[in-house]
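Trainee: This is the structure I have questions about; it appears just below.
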Amino acid sequence: MPSRNVGTAYLAQAAELAGNPGQLAAYNSQGHCVVLAGPGSGKTKTLVLKLARILAEDVEAPRGVACITYSQECARELARRIENLGLQQAPNLFIGTVHGFCLRHLLMPYGRLAGLPISFPLSVATQRVSDRLLKQTGDALFGQNHPYKVIDLGRHRRSVLNRNSVAWRSEEELAAWAEAYEAALRDEGLIDYDDMVVFGQRLIAEHDWVLPLVQAKFPVLAVDEYQDLGVALHRIVKRLAFDGGVRLFAVGDADQSIYGFTGADGALLMELAARRDIEPVQLQLNYRSGAGIVTASEMALGEARGYQASDPARQTTIEFVLRPGGMADQAAHAVAQIIPAALASKPGRTLGDIAILYKDYRAGDIVAEAVATGGLDHIRVDTAAPYRKVALTSWVEDCAAWCAGGWRVGRPQLRGLLDRYRAFHRASLDDSQAKREEQELTALLWELRADQQPAREFVASLRNGVVDHLLAAELALADQKEQLDRMTAALAEGGALASLDITSLGGRDGSPDHLNLLTLHSAKGCEYDVVIMVGLDLGNLPWRNETPEKLRESRRLFYVGLTRARDEVHMLYSGFVDGRYGPMRFGRSPFLDELEARMRAAGI
Amino acid sequence: MRVSRVRLINFANFSDVDVETGESIVIVGENKVGKSNFIRGLQLILDPGLSERDRQLGLEHFWDGLGEDKVGATIEVSVDLTDFTNDPRLMAHLNDCVIDPGPPMVARLTYRFQPKAGLGRAPESLKDYEYVIFGGNDPEMRIGGALRRMLPIDVQVALRDAEKDLASWRNSPLRPLIEDLAASLDDDAREEIQNQVDQAQRELAGHEEVVATAERISERLIAIAGGQHAVPVSLGLAPTRVDALLRSLRLLIDNGVRGVGDASLGTANLIFLALKSLELDRLVSEGERDHTFFVVEEPEAHLHPHVQRLVYRYFLGTRAEDEDEAPPLTTILTTHSPHIASVTPIRSIVLLRHNATDGKTVAVSTANTPFTQRDEDDLQRYIDVTRGEILFSRGVILVEGDAERFIIPAFADALGIPFDILGITVCSVGGTNFTPYVKLLGPKGLNIPHVILTDRDPVNGKPPLAHRRLINLLNEVDDEYGYDDLDIDEVLKYAAEFGYFVNESTLESDLFAAGMTEAMKSVIEQELPLRQVTRDALQEWVDDPDQVDEDRLLKLIERIGKGRFAQALAPSVSEDVCPAYIRSALEHIRDAVA
């Protein structure tokens, strides 16, 4: 019999969609479908159920579904939700980032044949090597302390795909730098993350024979967070869907497009949705936020979207708070006043239900200090975090969760951990070898079970037992190893996470005892009872004199922050920002002025 | 999907075989040449039933010609697949295996038995060896059991004990059919059967004599063990549950009089193949497989030659005709029987030959020989009526007609060139169209050494017919040079290098000129009632061969029939009267096969 790995759990959950016409339409869609999903509208639930249905009803192994999402974290969240539907064992379901998809499912199988100008077997540059080459080539071209930024280089590479175009040459210095940097990478036989997508796009664009192969393997392609994925993926998607006969299921919200600086563009999603051969579906019911917050966020966005709160009766709090003492004062106020009040106002509410959101890691440092002074445990997600989340570190965290007691209730499931471990291997293993490695890993995890243990020791044992061996064999994981090394360093004596124990390592997400500190960007996709936004001053959000385009993106960032909240939003400002020569008093963020005026006008 | 190419390196009889294959594959070769090993090689890649231990080869699996150097060598078997792009499921299976985007797209699967990676030294024994099975050109792209289960090779070995297989329930190909039958019965049908059986059971068991016999047994039991220990017995049919009953169904032959056990080996074999073939249909239609490579080794065993040919024709794809799409099945057969080789579609033949010099088996095929459709039809008919002898030849002499077919072996005898020992066949093409045969035997085909004997056929005032004939052949076999503008003498010179030999006029005239005058005269006189004038003319030509009237001589011979004439003339052949072109051809082919 064809092995159907899909249970029928999804059918029970799908019955709940009955009251929501948008979700139901998406669930029942047969052709290309774009789901425009407002904040809190159950987009992930819709996507997960649709994936389950497709796997159960529309495709049969060896054919499968690829689900591409913005980040490793999003992929992990999707995988977790899908695991809860009993689908974790579907080997014909790919969930991963666009990079993972391009690497494993485009470049590795077809890159050689297509004669791409990169060396095989593929080897991915570590962050360190990549940084070194960027600096070397930049300095060689423009001298030290040159004004050009790596972030702009990345945007240019990602957003201008045709190297022969005027657009590529129009930013002459960036073009020259990109070419020098890429040449240096190739000299060392390496590709970097952007290369994966750029070459993936080239492969799909230039080689017709690839299309039927991809279509055979993945007759359905799902894309989550479409607004955050750049033009390269957009081209891949269009080519596969409209030339290659791959069925598309895309989900996103252009209003939450906040990665313009990386080359992402919310307009691409709208372009898709406007096509005649696509069924557009709108999800307008907000299950997350109370009515007041739903209304206020639409005012902050300045666009009428017609979103409705699913529970109009729920009470919400929206506060504008002036703290004249600057960022530190704002943070201290949050810790001393807002948080205790919030904890007290609803029975059962924990620190994990509260988040402080800020613009960047510098603000994060100030907030973290205030939080530590206040004696609160916290989890911090921003670029100053001790390590970046990649598939490998996420897997280590989940192994910790299993060993720390998750094994008792099967959360996470061992099978899922084994499958993910298997997926780290560049090549598909043959059965006996895979079985051996799985037995080895299972034995190790079994042995490492302990409810209390320093995370340092757990990670060291896991590395000694299997991971370091894996890393030695799989050079393509070099960049992920770098993050694991940073994790290890942070856990070491004197490191930032030295006191972490195995339970906390495993519960680095969603722990009830830890206050959440995040940048606005990292908060995307998250939700909290209480959201405290700090630093809402002109000169910070937005900066002064932003271009209209930038200003729109800053507004969307503000909108994303607001829409994270279920019950309460606290917006803190001081009326000035710290400049190089002392405070600069530009006043508070104009977004606050607008919002307050509109709320007043509406009588709220 | 079909297999388009097979490579075997250092495996069993094969040093380095690389053969292209057609729609289906018929492996033709003499005993011990390596037909089963060829299949075994495919099994290393595709058979889901082989264990890891089976794939860990032994020294005996290395090509023997490696001698002392077996440890250190690498065994590699690869199979190329093509024509799968119309089935997305196959494309999904083979996604990581593509080596040529085409069209036609080609995927490759490779088995490799090699010194372990990262050994860091030369291997000392097979303990230092490992096998990998991978797709495409990347040894890291490992192929697992999932693919083998969905695209399996299914081998019916030669000389199996069909009768025994049919008798044991576990292995019987009848079993899945019965299980299907059991599953398809609804409750009403089951109840009805159950009632009928119960009733028959009651009637039988209630029969006076049956009851009496049971009582006799019971009484004796009591006598032996006493009333306390003896269990009461009765006689009846067992089993009586429907499922158990169905399982006990057996195939019967001769209107249900006899079981398969009583059938001849051949019949059992046939029944077995029929059941197997039904089972394959079922596996595919129920989605348990996406494709089957179905191998039957020597299905001719125990079968009458006529039935052999029918069985082969059946398995070689006459089945697809009544369906729109070909079934997801690649048929692979082996045979050492010319009877069977002769009904094989010419494109499907894979010919295995032992090369004694290098101690290895080589493989050739005509899968991609540039035949036209007419060539193919001509050859197919020829091979059929000659029962495939050309396929088993080690050297071939191509001639125009029956006359040469009788006379050439006689000259070979006279020259001490033993055709049977050397494996040389004389093949009459029935005319002068040698092209298809040259393609068949040439390097892009079966690669069998061959020579051509053809008549010069002079024409008054124009170049002889042999001129154009040879130019066409030379252009066919050698595309490096253009032969069109050469005159007859130059053409003859090049033709001889390729083994194409031409006489002065026609066979019979040349024999006459070579000195067979007397013998020819007596054959004609023996075979034909002749008027005196003709007898006199004959005598004159014998006395002075320069005076011969070739047209008249040929007319006489044609009245007898050229074949019959040559047959009658053959006993008179001797070395002295061998025309030069025949001698050249015979020596050429002798040297070529040696």
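Placement of Cβ uses the backbone N, Cα and C atoms for every residue, glycine included.
Annotations in TrEMBL come from automatic prediction, not curation.
Per TrEMBL, the features are:
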DOMAIN    A:16-290  domain 'UvrD-like helicase ATP-binding'
BINDING   A:Ala37, A:Gly38, A:Pro39, A:Gly40, A:Ser41, A:Gly42, A:Lys43, A:Thr44  ATP binding site
Trainee: Pick the one among the binding-site residues A:Ser41, A:Thr44 whose Cβ has the fewest other Cβ atoms within 10 Å in this structure.
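Mentor: Lowest Cβ count within 10 Å among the binding-site residues (A:Ser41, A:Thr44) is A:Thr44.
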Trainee: Can you check which residues sit near A:Gly38 (ATP binding site), meaning Cβ under 8 Å from its Cβ, same chain, 6 or more apart in sequence, and list them in order?
Mentor: A:Asp253, A:Asp255, A:Gln282, A:Leu283, A:Gln284, A:Asn286, A:Arg305, A:Tyr307
Trainee: Starting from the Cβ centroid of A:Ala37, A:Gly38, A:Pro39, A:Gly40, A:Ser41, A:Gly42, A:Lys43, A:Thr44, which together make up the recorded ATP site, report each further residue of the same chain whose Cβ lies within 8 Å of that point, ordered by sequence.
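Mentor: The surrounding set, listed in chain order, is A:Thr46, A:Asp253, A:Leu283, A:Asn286, A:Tyr287, A:Arg288.
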Trainee: Can you tell me the three-state DSSP label for A:Thr44 (ATP binding site)?
Mentor: helix
Trainee: Mean pLDDT for the domain 'UvrD-like helicase ATP-binding' (A:16-290), rounded to an integer?
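Mentor: Mean pLDDT across the domain 'UvrD-like helicase ATP-binding' (A:16-290) comes out at 91.
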Trainee: For the binding-site residues listed here, A:Pro39, A:Gly40, A:Gly42, which shows the highest count of neighbouring CB atoms within 10 A?
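Mentor: It comes out as A:Pro39.
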Trainee: Within a 10 Å radius around the Cβ, which one of these binding-site residues has the most neighbouring Cβ atoms: A:Ala37, A:Lys43?
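Mentor: Answer by Cβ density within 10 Å: A:Ala37.
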